[in-house]
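Annotated features in Swiss-Prot:
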{"type": "MOD_RES", "residues": "LYS84", "note": "N6,N6,N6-trimethyllysine"}
{"type": "SITE", "residues": "GLU99", "note": "site 'Reversibly protonated during proton transport'"}
{"type": "TRANSIT", "residues": "1-24", "note": "transit peptide"}
{"type": "TRANSMEM", "residues": "57-77", "note": "transmembrane segment"}
{"type": "TRANSMEM", "residues": "92-112", "note": "transmembrane segment"}
Amino acid sequence: MYCQRLALPLTRSLLASRAPLALRMENAVAARMISTTVARKDIDSAAKYIGAGAATVGVAGSGAGIGNVFGALVIGYARNPSLKQQLFSYAILGFALSEAMGLFCLTMGFMILFAL
């Protein structure tokens with residue numbers, strides 16, 4: 001909203017001229033690119049960095065989930081050592097699911113940074 005005030009409204013005067021429609025639209029796009037200010041680009045890049053940072057917060061949740069899984073494995077093994085193999089297979093499954101969600105969050109952060 002604030003960035004719109006910084007851009008000069010040249011498109012109205014270009015569209016009001018009597019030039020052919022294709023030429024007017026081309027000039028309107030060019031005028032929009034010319035009137036973009038440095039402040040608008042800075043705001044866009046700041047929003048991109050904030051979004052990428054917010055997307056990678058999920059990696060911390062993944063780390064906490066992995067800690068919970070292996071903490072529960074140790075407690076379960078201490079209570080019943082005969083179920084070692086079954087508990088370990090469940091722990092590996094929980095680790096894989098938690099790690100996959102963390103990798104999705106990290107991938108989205110990189111996509112926001114480098115693909116947009």
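Placed from the backbone N, Cα and C atoms, the Cβ positions cover glycine too.
Cα to Cα, the residue listed as 'N6,N6,N6-trimethyllysine' and GLU99 (site 'Reversibly protonated during proton transport') are separated by 22 Å. For GLU99 (site 'Reversibly protonated during proton transport'), applying a Cβ distance below 8 Å and a minimum sequence separation of six or more within one chain yields SER62, ILE66.
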